[in-house]
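Since the structure comes first, as structure tokens, the remarks are kept for the end.
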Amino acid sequence: MERTFLAVKPDGVQRALVGEIIRRFEAKGFKLVGLKLMNVSKDLAEQHYGEHKEKPFFPGLVQFITSGPVVAMVWEGKGVVASARKIIGATNPLNSEPGTIRGDYGVDIGRNIIHGSDAVETAQREIALWFQPAELVSWEPTLTSWIYE
């Protein structure tokens, strides 16, 4: 089953949106297999955003993600990477549709509440970066047969 990585950024944690974000993914039928509240080290932030290292906004990304607690999560389900991106909305909240997390709660691109992996390969890399294998729990919800054929 496909997995994706999500992180509620410091602004989402401070605004008490963690429960609402989890609710949306559970309501969709996805399974939470990893969850932790953590302070992100500068090293982890630089690895996570490594593809942007040469861009002028890189220092601001690192500074922001390390400015407060983050809730890191791994979700599992059919097509979860693409579905999560739709639930999250466009990177710039001003371009996000109402009904998406960023469309409903975001105002500024630099404070866009949540990160979600953009591809299956990216999700695999990010999950390995943020979680040890023992931190991921395999389990079977009783409602699975009501969601998937």
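Don't overthink the numbers, they just go from 1 along the chain as shown.
Cβ atoms here come from the backbone N, Cα and C positions, even for glycine.
According to Swiss-Prot, the ATP binding site annotation covers Lys9, Phe57, Arg85, Thr91, Arg102, Asn112. Cβ environment of Arg102 (ATP binding site): Ile88, Gly89, Ala90, Thr91, Asn92, Pro93, Ser96, Asn112, Ile113, Ile114 lie under 8 Å away, each six or more residues apart in the same chain.
DSSP assigns His115 (active site, pros-phosphohistidine intermediate) to a strand segment in the three-state reduction. Its Cβ placed at the centre, His115 (active site, pros-phosphohistidine intermediate) has 20 other Cβ atoms within 10 Å. The active site, pros-phosphohistidine intermediate annotation in Swiss-Prot covers His115.
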Using Cα coordinates, what distance in whole Å links Arg85 (ATP binding site) and His115 (active site, pros-phosphohistidine intermediate)? 9
Distance [Cα-Cα, Å, rounded] between Phe57 (ATP binding site) and His115 (active site, pros-phosphohistidine intermediate): 16
Report, in whole Å, the straight Cα-to-Cα distance of His115 (active site, pros-phosphohistidine intermediate) from Lys9 (ATP binding site). 7
Please give the greatest C-alpha separation between any two of the ATP-binding residues Lys9, Phe57, Arg85, Thr91, Arg102, Asn112, in angstrom, as a whole number. 22
Output the one of Thr91, Asn112 that, of all these binding-site residues, has the highest number of other Cβ atoms within 10 Å of its Cβ. Asn112
